[in-house]
Amino acid sequence: MTKPPTNSGGVWWPALAASAVKLLLIPAYHSTDFEVHRHWLALTHSLPLSRWYSDTTSQWTLDYPPFFAYFEKFLSIFAARVDPTITDLHRGLDYASSSVILFQRFSVVLSDLVLVYSAYRLTRSKNFMALERFLISALVIWAPGLFIVDHMHFQYNGFLLGILLLSISYLEEGRDLIGGFIFAVLLCFKHLFAVAAPVYFVYLFRHYCKGGLLKGFGRLVLMGSAVVAVFAAAYGPFWYYGQIQEVLQRMFPFGRGLCHAYWAPNFWVFYIMLDKTLGFLFTRLGFSIKAPTASFTGGLVGDSSPFSVLPTITPLMTFITVLLAISPCLIKAWRNPQPRMISRWVSYAYTCGFLFGWHVHEKASLHFVIPLALTSLKSVEDARHYFFLSIVSCYSLFPLLFEAQEYPIKVVLLLLHVVVMLYGFSARFPGTSAMRDAAVKGGDNKSETHAFRIGWLGKSYLIGLVLVEVWGQFLHHIIFGDALPFLPLMIISIYCALGMLYSWIWQLTQIVLSN
């Protein structure tokens, strides 16, 4: 049997290859999020902490939790040395010189080291063979959605997801205190990750706070103290300056409406479409129906108008829906808290938040797709599900890059991801006896008898995905010209939402049937 390479070897060279691609994407398109983060550099550098969450110099006001504001403050120290205009609150508005582009692009690349390290820890902490170690590292580090969202559109999701995976890695090792501590830190970087907080609470309460009343209570106090210390470090200074109300109002702007500007492919797409269809039919039948002002391409943004026919959805309703959807996972975590299940439970919680949450961004699909990579090698069914879901998630992000010059890039990124998965999963789950023997000789002693196959359902859906893209890129313009411009985007949202719903049902089934 050949000796597998060192654990770090399966992570660092994929990381170097990914970094090279990220550098090539520096001149690519970037969204208004680029100016958002540049302004936050200027805001945190130029103003005292007491004014960070009340300043309105730009429309791009600070709406992330304090730790992310501190992170921007840290980056601004270096940005001011690279180019002082970057951190100038007024002269820096809409500043887009080569210096600011290079600085911000490099800041994302370097912050991705947290993601790389978390992938290293996750593959180090388990008895993975060389192929498995490489494949999980590649699925995490080479995720096409991260290239699209972070290194073109522009955000810091890789950095934040790295913190999440770091927390999961400690929980899987049984080091619950530090795992819970890191998750609390993550919540103070981006509060949208709080969807998984119920899973963390139930799991840690049942797994960490055990051992009898006295010992359990002592551990509960210790864990609670660690979490309180994190939140005190984050929000304490703003409480001191009397800014807590401003911070919370910025972080939870419920007036933005149920859906984001580009509808995330979730359950509410069907609800909105049903309302619009009923409104159209009732109008044709002679009923007086007030049509909502929100358009297909605009979503329900701002102070959203009520629905035409169906009841208006409120933030409280979505909160209850998400909590009910997560409840089977919470019951499992309560009855049998197992470290090996934590990545699956966390991923499922974020799937529920994506499907049923309030004002969900399409980019939030990364919150469950990336952690699910950790479960993709547990069985051939997991591999098949991840293959399907990661393609749907990546494709749902395509509308973020709408300029023609970026079209080949996003297509190539997705196709390369498909190739990596096809070859990786086929090698991990070869199926035939000859190939299994070869895998065992190569160091993989966990090969299964079932070969990796996409299956007829997956093939049918993916063929439909290709047809949806052909329609949006070519046929719609040929048939309708400039009419109905919302139709291609609407079809993408509905079709991807079907795929997301299937994934949610599959994950729910796996959790309910798990031991």
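Just so you know, the numbers here start at 1 and follow the chain as drawn.
Every residue gets a Cβ built from N, Cα and C, even glycine.
Note that the structure is predicted; figures quoted are calculated from it, not measured.
Under the heading transmembrane segment, TrEMBL lists 12-29 (among others).
The annotation transmembrane segment is assigned in TrEMBL to 130-148 (among others). Here the transmembrane segment (130-148) has long-range neighbours at 4-5, 7, 10-11, 14-15, 17-18, 21-22, 25, 112, 115-116, 118-120, 122-123, 157-158, 161, 165, 363, 365-366, 369-370, 373-374, 376-377, 386, 390, 393-394, 397-398, 400-401, 410, 413-414, 416-417, 420-421, 424-425, 427-428, 439, 442-444, 446, meaning same-chain residues at least 6 beyond its ends whose C-beta is under 8 angstroms from one of its own.
Among the features that TrEMBL reports, transmembrane segment is placed at 154-171 (among others).
Annotated transmembrane segment per TrEMBL: 178-201 (among others), in sequence order.
With a cut-off of 8 Å between Cβ atoms, the residues of this chain six or more beyond the transmembrane segment (221-242) that come close are 49-50, 53, 65-67, 176-177, 180-181, 184-185, 188, 204, 208-209. Residues or ranges marked as transmembrane segment in TrEMBL: 221-242 (among others).
Per TrEMBL, transmembrane segment is recorded for 313-334 (among others). Distant neighbours of the transmembrane segment (313-334): 195, 198-199, 202-203, 206, 254, 258, 268, 271, 307, 341, 345, 348-349, 352-353, 355-358, 504, 508, 511-512, 514; these residues of the same chain sit at least 6 beyond its ends, with a Cβ under 8 Å from one of its Cβ atoms.
Same-chain neighbours of the transmembrane segment (386-402): 29, 31, 139, 143-145, 148-149, 152-153, 262, 264-265, 362-363, 365-366, 369, 372-373, 375-376, 409-410, 413-414, 417-418, 421-422, 425, 454, 458, 461-462, 465, 469, 489, 492-493, 496, 499-500, 502-503, counting only residues six or more beyond its ends whose CB sits under 8 Å from a CB of the stretch. Look at TrEMBL and you will find 386-402 (among others) tagged as transmembrane segment.
The feature transmembrane segment is assigned by TrEMBL to 408-426 (among others).
Annotated transmembrane segment per TrEMBL: 461-480 (among others), in sequence order. Only residues 6 or more beyond the boundaries of the transmembrane segment (461-480), in the same chain, are considered here, and those with a CB under 8 A from a CB of the stretch are 388, 391-392, 395, 398, 454, 487-489, 491-492, 495, 498-499, 502.
Per TrEMBL, the feature transmembrane segment maps to 486-505 (among others). Outside the transmembrane segment (486-505), and at least 6 residues removed from its termini, the chain residues within Cβ reach (under 8 Å) are 262-267, 269-270, 273, 295-297, 325, 348, 351-352, 354-355, 365, 385, 388-389, 392, 395-396, 398-399, 461, 464-465, 468, 471-472, 476, 480.
The transmembrane segment (154-171) is not in contact with the transmembrane segment (12-29), judged by fewer than 3 CB-CB distances under 8 Å for residue pairs 6 or more apart in sequence. Within the same chain, residues 101-102, 105, 108-109, 112, 116, 119-120, 134, 137-138, 141-142, 147, 151-153, 401, 403, 405-406, 409 sit at least 6 positions outside the transmembrane segment (12-29) and bring their C-beta atoms closer than 8 Å to a C-beta of that stretch.
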